[in-house]
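This report refers to the structure that appears directly beneath it.
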Amino acid sequence: MKRVLKNLSFSLILFILLLMILSDVWKEQNIAEWSYSDFVTNIAQGQVKEVTILGNQIEGQWSDGIARRKFTTYAPDDRELVSRLLEKNIKVVAKPLQDNPWWFSLLVNWFPLLLIIGFWIYMLRSMQAGGGKAMSFGKIKTKPSDPGNNHVTFADVAGVDEAKEELSEIIDFLKSPKKFTRLGAKIPRGVLLIGPPGTGKTLLAKAIAGEAEVPFFSISGSDFVEMFVGVGASRVRDLFEQARKSAPCIIFIDEIDAVGRQRGSGLGGGHDEREQTLNQLLVEMDGFDSTVGIILVAATNRPDILDPALLRPGRFDRRVAVHLPDIKGREGILSVHARSIPMDEDVNLKTIAKATPGFSGADLANLINEAALLAARVDKESVGNTDFESARDKIIMGPERKSRVISDKEKRVTAYHEAGHALLALLLPNCDPLHKVTIIPRGMAGGITWTLPQEDKHFYYKSELIDTITEMFGGRAAEELIFSEISSGASNDIKVASKMVRKMICEWGMSERIGPIAMGNNEEYVFLGKDLGHDVNYSQATALDIDREVRRIIDFCHNQSRNILSEKRELLIVLAEALLEKELLSGEELVEILREKGFDIENYNFSKNNITSDADPALVDPPTDDSPGEDSINTENAEITENNVSDETVSYSVDDAPDSNSDPSERG
């Protein structure tokens, strides 16, 4: 800002001085210079109107009847001049002659030249500054943060206890390096944080610097490469040079995959500028002494595409996985972000943590913020359970589009479509429990059936996947049964189901006919699209077998969903009509409606992970000695009075399903 004001002031002074010079020049151009004889002649002819006498210098004004002009002349010692002027009635003004100081005439004579020289000096300095800016492309833009201003510590990071334990050695080394060096130990030069987006990798790096109370350099991997060739390598050198001056310190490179991708890959054989930057980074990581106290911390969610030379021991010695938080971690993250949020007394963060499986730290921070915004929108004094429930629904399902106008026919089709999903989710024991179902458009969907696992899952079982795919076809099956016509509303269900079945066969080895063989290499090569990066390592005959197996499993799940809904048609109608009336129902409300209508089912599969519920989800309906646990439950437990699904439909195994290309009479 000061530099801008300085340049502006200098330019303004130059402009004023230049304006003064130009005005003087313009004034001189409008004053005629007469000889004394011409002056005497014009007096005699009456063309002089007024004169001003300054010693021997005479300035005057004359008129020829057309325009007024000014003149100047130099008069000798003529004693009769004044009387001659008075005889012609010419106004005479006499002023004493003022001697200007010597420097004034010097300034008047030399000022134009000095002004030109000053202008050129200013231009040269501007050009040099511009050249400096051009050369500054090779300088890193980040500056070390003041340790006193970094208030982020491990107390602000929750849900990643294992990662914090791994990184505690880094803090001890930065605080007391002699503890390690006296035994000849060398601290890891680089630490690579690996994990999905939003799990707190950047926050962890800041916490390391905050705990160790050392300077912190933070830069993105994309900041190294710009428009000029060689800039990236120059910035890497400058970064490590600054780090050596600030040692001990931490360098944090976020999204290092932007510059650390494997060299020599891609359709064009690589990217020269990026590879130069990577080479310089490798050299610098080898060059600095581990005893100096420079720790390089990098973060990425794509470790599979990093160059192997970057990951070898001596560079990134340690890899720390930052996973999605479990229920305990989610509770800790919620407590960190809820410190400054006034909440109702009945808000239980543990309940919210149980109701948000799969949420990352960033998702939970967004949940807290969205709940606070919803409460502030209705002028609440504190945030309540209903706000957290609405915020969670908004994050997962998208905002409600209540203003969207839909016809009665489409609304009815949507109700039966979602009722088909909901009923199958209630009846199939291996599906995730039904949480909510709505026919209010949310996001890009016309209606949503939301199932929610009771606990964190790390594996998918074949029975769960088959029931989940069967539930996905519940919407299409309901349309076929009720309207004898199908719509495009099941397009996303079909897409997701087909993708899931193909993964079961080609990646997870869940097909008895294909066997436990990995089909295709899904590695995404650098600079290649997903299609080009997919390596087909099987024959055309095997591809045909895979397609047949996909169709067989899809047909089995589709037929099973249609058979179950056909047997439970009355329940389907009850649920659909309830949706048309209420538009939004929870799993508990749906079960209550069915029981009020006289349909009492022994084991409904609905979610109890409601934030607004008083019950503890972990303690609701535990398996007893007389009742089998969840893993042993089959669809025979979903008995409905006088409307039982036949044992043939329920116990039918997907591995026994007939081939889709076989004779129809063999399908059963």
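Here, residue 1 is simply the first one shown, and the rest follow in order.
Cβ from N, Cα, C; glycine included.
Caution: TrEMBL annotation is automatic and unverified by curators.
When secondary structure is read from DSSP and collapsed to three states, Glu418 (active site) falls in the helix class. Cβ neighbour count for Glu418 (active site): 26 (other Cβ atoms within 10 Å of its Cβ, all protein chains included). Taken from TrEMBL, the feature active site covers Glu418.
Listed in sequence order, the residues of the same chain lying 6 or more apart from Pro197 (ATP binding site) and placing their CB within less than 8 Å of its CB are Asn301, Ser360, Ala362. DSSP assigns Pro197 (ATP binding site) to coil, not to a helix or a strand. As annotated by TrEMBL, ATP binding site applies to Gly195, Pro196, Pro197, Gly198, Thr199, Gly200, Lys201, Thr202.
If you draw a 10 Å sphere around the CB of Asp493 (Zn(2+) binding site), it holds 19 other CB atoms from the protein chains shown. DSSP assigns Asp493 (Zn(2+) binding site) to a helix in the three-state reduction. Residues or ranges marked as Zn(2+) binding site in TrEMBL: His417, His421, Asp493.
The compositional bias 'Low complexity' feature in TrEMBL is assigned to 634-644.
According to TrEMBL, the compositional bias 'Polar residues' annotation covers 659-668.
Within the domain 'AAA+ ATPase' (187-326), the DSSP-based counts of helix, strand and coil residues read 57 helix, 31 strand, 52 coil. According to TrEMBL, the domain 'AAA+ ATPase' annotation covers 187-326.
What TrEMBL records for 611-668 is region 'Disordered'.
Candidate recorded positions: His417, Glu418, Asp493. Nearest to Gly198 (ATP binding site) by Cα distance: Asp493.
Around Thr202 (ATP binding site), the same-chain residues six or more apart in sequence whose CB sits under 8 Å from its CB are Ser218, Phe252, Asp254, Ala299, listed in sequence order. Inclusion criterion for the binding-site residues Gly195, Pro196, Thr199, Gly200, Lys201: a C-alpha placed within 10 angstroms of the C-alpha of His421 (Zn(2+) binding site); this criterion is met by none of them. Cβ atoms within 8 Å of the centroid of the Cβ atoms of His417, His421, Asp493 (the Zn(2+) site) belong to the same-chain residues Glu418, Gly420, Gly447, Thr449, Met472, Phe473, Gly474, Gly475, Arg476, Ala478, Gly489, Ala490, site residues excluded.
Shown are the binding-site residues Gly195, Pro196, Gly198, Gly200; the one with the most C-beta atoms within 10 angstroms of its own C-beta is Gly200. The closest partner of Lys201 (ATP binding site) among the recorded positions, by CA position, is Asp493; the full candidate set was His417, Glu418, Asp493.
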